[in-house]
Each structure stands twice: as structure tokens, then as C-alpha cells.
């Protein structure tokens, strides 16, 4: 009798405990997803009735929307440049920091700090001032006799400035790399130095393969967040100059909340989701060629 | 021996230079917040005559309101969201991490999928829903989702706590059950106290992410009376078109202080939280 009770009891209790999430998932995730899929086939403006238009939004996007094309281009450029830059910086510093043990927490604090505050509007405001025509960067260039330019007012450099801002925030990726580096058994390095392996060989044949799962994680997370980049483009450049920083999330925001084209914006959102899914699927499909888990090498775990 | 020491020295030198490069904009920021407009673009870090009035004037630069008002708004919202998150996420994590129930695997895999879901897919339909319910220009679009283990970072916090709860030995439950403890008792008296380190991590990131949830605030809050600090900053920036940069930078600097103080106090939890869970700051 007691066994029966506890077996019956756990499912009910289980559902009671997960009820907040379950309600939230059904009401605030699953239902809105379906709703937005529906909206994406309509002309919905929040005020008027919803008119079914079939694939019109999607067709328009791919055949007759220069801003869509531009925002896809800018976003891919941004992802392709900022993600690798950030990863390389994070890995480079993590490897150095992994050895310099004394004072590590002070270094870590300094390097992590930009990531801590980086997403805030405050930092966007700071950078828009520093990159101005009379801003800090140009004054610095003046000192060495180089004529500065308007970094964020020049279409050729605006996106680069935002990429630089993003790269500056490599701290959390670095901390994750540091944790990964700590997992690598020390005896691997000892054995290889006995064999006379150089630093570079050790890095390529021990550190990189052993760190590849961490690299994979950082890559996926970096790509997903880079696709959604919004605040700095919205605050610093507003997509300009000449749409050179007109990222996808900004276009989506403007369609939805400036022009109230919620149907069209929903279609944009679904295309974004598909782009992210395809890119992450490509990365994870490629992972079997470059991500090594310890079990592959006959290790424990 | 000598060579090894030199290596140490050069490594530290590299790290010091690197740290300075990283922190330099922040140092410049502190200096700039005390500068007059005329001096602002000078490459000197520190101002000739510190303009402390940047802080006092900046604090009152929104007509009819002071930043005290915006900070109170932000903290009210933060506290409500933190409490909601703590209640919902710990309960759900206990359910998933501790109990067996039909379809558990199915629900858990859905939870994992939503972790990867870009927020953009949800903002439009959620906005339409909250709009119809009359929730726009209230704090409900932030509090209610967090009460349902969602909102900014919610799913991630559940996932993190589940992983942690799973690591607590199940024998504890068994003995408590024999002593006549209910499931809620096991949750409240045994598992929750042991989950403290993970709960601290969740609270830190919940605070930070909501403080920085600029897009969310932008969408749902539209009367100045309910503005958060971030929205107030943007308003000054827009209205003054950069004429009073010193004040704006001073207020921006103040706005990152809560995050900075929390970071300084809880550095250990922070770094461990990121390293073990992969949370991005």
C-alpha cells in the first residue's frame, strides 16, 4: 500500500512542482510561437483586423526588400568578424592567464569587467562618445600625427567600431576557456616536453584538441548572441551611416515597433530563427571533425 | 633558474599591459565624467578642473524627475523579478531534478530547446498578448513571466538549478521520507538549503540581465514616470543630442555602479558561476 502511494504520489507532486514552468512554457513560449507563425502569414498591425495574406510577406522579403537584404548582409558580416575575433582574443588571454598564477584574480577582474558592463546602454553611450569625430580615439591618433575620421559616422568603419566594442567583451568566453584549460591533465604536457615538443606543438596537439568541446560551446553561444545583436547598433549608430550597421534585429524592431508591421516582422523573426538553426546545425554537423571528447582517445569518463 | 624568472616577469608584464588596455576606457570614462564639454575630447585622462556638478546636474537633468525616482523604479522592478525568479525556478528545478513523473523526458527536452530559442521570435506575439491584456506600461510583462520560470534568463536558471539539484545525494530524500517528510518538506528543508551556491549565481545573473534588459524596458515601459535608469539615460541622450556629454557620462557611470559593487563583493561566485555553467555575463 505504501509503495503504491509513493508511486502515485510522485507524478502528481512532480507536475505540481514544475507547474510554473509548464504554464509559462505553454502560455508564454509555445502559444506565442504558434501565434507568431500565424501572424507571419498575415497583415497584422495591432489595430486593425488580421488579414491572411499567405506567403506574401516571405515573398516580398526575398524579392522586393532592399533593407532586408542589407540587414542580412550586415548581420552575417558582423557574425563572421566578431565571433572569431572574440574567440581568438579569449583563447589567447586564457592560455597566458592559465600560466601566470600569481595575481590572477586581479587580471581576471580587469579583463572580465568590460563583459560585465558591456551589454548596458551606459557603455554604448560611452563608446559613441569615444568614437566621435572629436572623440577620444581621434585625439589619441592626433598625438601620433594621424588624421582621425568619424568612426561611427563613416560607412566604412562604423560596423568595425561595433565589432571592436563586442570584441572588447571577450571576458566571459575567456573564463569558460580558463575552466576548460584547468581540466587538461598536466601529465600530457610533461610527457610531451620529455619528448622535446615545442610550445607551439604542445598548443596544437594537446591544448587545442583537449579544449575543442569548450571551443565548440563558446562558438555556438557566440554565434547565437551575435545574430541577435541589438543594443549597440540601436544606441550608437541607429543602423547608420548609410545602413552600414543595420543589423537584422534592428530591422525587425523597426518593422514591429516603429511601423507596427507585426505580420511582416513576425515573418522576419521566423527567417531569423531558421538562419540561426541552419548555422548552428552546420557548426554541430562539422563538430565531429574537430571536436574531441576524452572518450574518443580511450580516456576515462 | 634565471630564465624561468624572466619568463614569469615577461608574462606578468604582458598581462598588466593587457589588463590596462581592457580597463583603459573605464578609466577614461571616470575622468570624462568630471570634465567640462570643452575639455571632453582631450586625450588627458583627468580634467584640469573637476566638474563635480556633472553629477548633481545630471542627477536632475530630466525635467520633473530626479534619478532617485528612476533608481527606485529600477530597484522595485528588480526586487519583484528576483523574488519571482527564486520562487519559480527553485520549485521547477526540484521537480525536474528530484521527482519522476510521466513525460518528464519530453518536457525536459522542450526546456532544452527553449534555451536556444532567440528572443526575437517571442517578442512580437508576447507584445501583442500583453498589449491586449492592458499590461503595456506596467511592470507585469517582466514579473509574471519570471513567476512562471521564464523572462530574461529564466529557462537558463531552471536548467542551471536542475543540474545542481541532481548533484545532491538522493539518499537524503529517502531518509527524510521515512521520517514522514512530504515532498515539499524535502524541497524546503533539505534540497533548497544545499542549493545555496547555485541560487546565489542565479540571483547575480538575474539582477544583471534585468538591469541590462534595455530592449524589454524600451518595449513595455513608455511613461517617464515608470522609466528605469537605462531608459532615462537614453532619454537624456536623445533630448540633448550630446550637448551635455559630461552629465550623460556621469549618469552612465553611476548606472553601472550596482553591477560593479555586486561583482566586487561576489567575484568568487561570479567566476565559478560562469566557469561551471557557461553563463555569459
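Placement of Cβ uses the backbone N, Cα and C atoms for every residue, glycine included.
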Stretch carrying transmembrane segment according to TrEMBL (options B:46-69, B:142-165):
B:142-165
Cβ contacts the transmembrane segment (B:142-165)/the transmembrane segment (B:12-31), at least three under 8 Å, sequence gap 6 or more:
no
Tell me, please, if the transmembrane segment (B:70-94) and the transmembrane segment (B:245-266) are in contact, taking contact as 3+ Cβ pairs under 8 Å between residues separated by 6 or more positions?
no
By a Cβ-Cβ criterion of under 8 Å, what residues six or more beyond either terminus of the transmembrane segment (B:12-31) are in contact with it?
44-47, 249, 252-253
Surrounding residues of the transmembrane segment (B:186-211) on its own chain - C-beta under 8 Å, 6+ positions past either end:
74, 77-78, 81-82, 85-86, 89-91, 93-94, 98, 142, 146, 151-153, 157, 160-161, 164-165, 168, 172-173, 176-177, 229-230, 258-259, 262, 266, 269-270, 272-273, 277, 279, 281
